[in-house]
Amino acid sequence: MKRNFPKLIALSLIFSLSITPIANAESNSNIKAKDKRHVQVNVEDKSVPTDVRNLAQKDYLSYVTSLDKIYNKEKASYTLGEPFKIYKFNKKSDGNYYFPVLNTEGNIDYIVTISPKVTKDSSSSSKYTINVSSFLSKALNEYKDQQITILTNSKGYYVVTQNHKAKLVLKTPRLEDKKAKKTESIPTGNNVTQLKQKASVTMPTSQFKSNNYTYNEQYVNKLENFKIRETQGNNGWCAGYTMSALLNATYNTNKYHAEAVMRFLHPNLQGQQFQFTGLTPREMIYFGQTQGRSPQLLNRMTTYNEVDNLTKNNKGIAILGSRVESRNGMHAGHAMAVVGNAKLNNGQEVIIIWNPWDNGFMTQDAKNNVIPVSNGDHYQWYSSIYGY
């Protein structure tokens, strides 16, 4: 027995070492067997710069917790799935890195979008910006145990499955030009299959982290009663949606609607002239005055402290943005609403924004005046109208 004892120890060590990775993988994922059917997204290259990956891993939980508190969600645990990329119809990446945020059921709750900074970005602490929103999370959850490619054009975002069927899963209200309508088509066969690598976006890449402490300690301030009651379609009424949302919140009512606001201000327009009309800052201020408010124009982005004070005092803020990519077209200018603000665990200050195109909110660095939006464009926050 004594002579065999060392052999038994060696065998037990070999056995324990051989099963350790599997055991750790199971404990790290913490997902039931029925939920282990992963969504696989085709990518040309799975590589992600180290500083991009580190930024996502370091900050995602604080960003997610700020949105959880805005949505009045309960405390939860999250981890990141494998990052993926989105491609344009010419098969070139849109330039962003997308990190899915997984809950313990194996579903995607949020998307962390990390983008290279654009020229007009006012902050300078990093080469990248980080924003968190729901974005494509709901759509991706519908493709468990499937291999897909995500493509984008001026109409929105498409999921292309292995049988080469494409579905528009997220529309953007931006109008494409007539030439684009004639020439753009859904890539098939050879186009899609050239993306050889696969990102398992619902597969946990690290242990789940509870946001219990972050939830209790993190400061979040929301404009009371702010709700998403309607979203912008194929029209130029972003300012109408923005003012309606802010006034519904500050008056705690449901009576304001974008179309009615636009009709009030442009009663003589009909057809496409009415559908694609927009508003000037002067018209936005005038409408606020007719509703018992005293809106003020500020020719810059509001600071974090200004947002904090105005939001606490139930005064809504409209964002006026100018598109960085192009000054032409209906959406060259765009209005959005400030929902609130938060201070993350690392001390970073963020502003919570609602884009009328979206069904959810997004985070924005309070020192960054360039806002990435859900159609891939960027808007420079050049002015604010506060006091709705």
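Yeah, the Cβs are placed from backbone N, Cα and C, and that goes for glycine too.
A helical conformation is recorded for Cys238 (active site) in the three-state DSSP classification. What Swiss-Prot lists as active site is Cys238 (among others), and the listing cites sequence analysis.
The active site feature in Swiss-Prot is assigned to His334 (among others); the stated evidence is sequence analysis. In the shown protein chains, 26 other C-beta atoms lie within 10 A of the C-beta of His334 (active site).
In the three-state DSSP scheme, Asn355 (active site) is classed as coil. Taking Cβ-Cβ distances under 8 Å and a sequence gap of 6 or more within the same chain, the neighbours of Asn355 (active site) are His334, Met336, Met362, Ile371, Val373, Ser374. What Swiss-Prot lists as active site is Asn355 (among others), and the listing cites sequence analysis.
According to Swiss-Prot, the signal peptide annotation covers 1-25.
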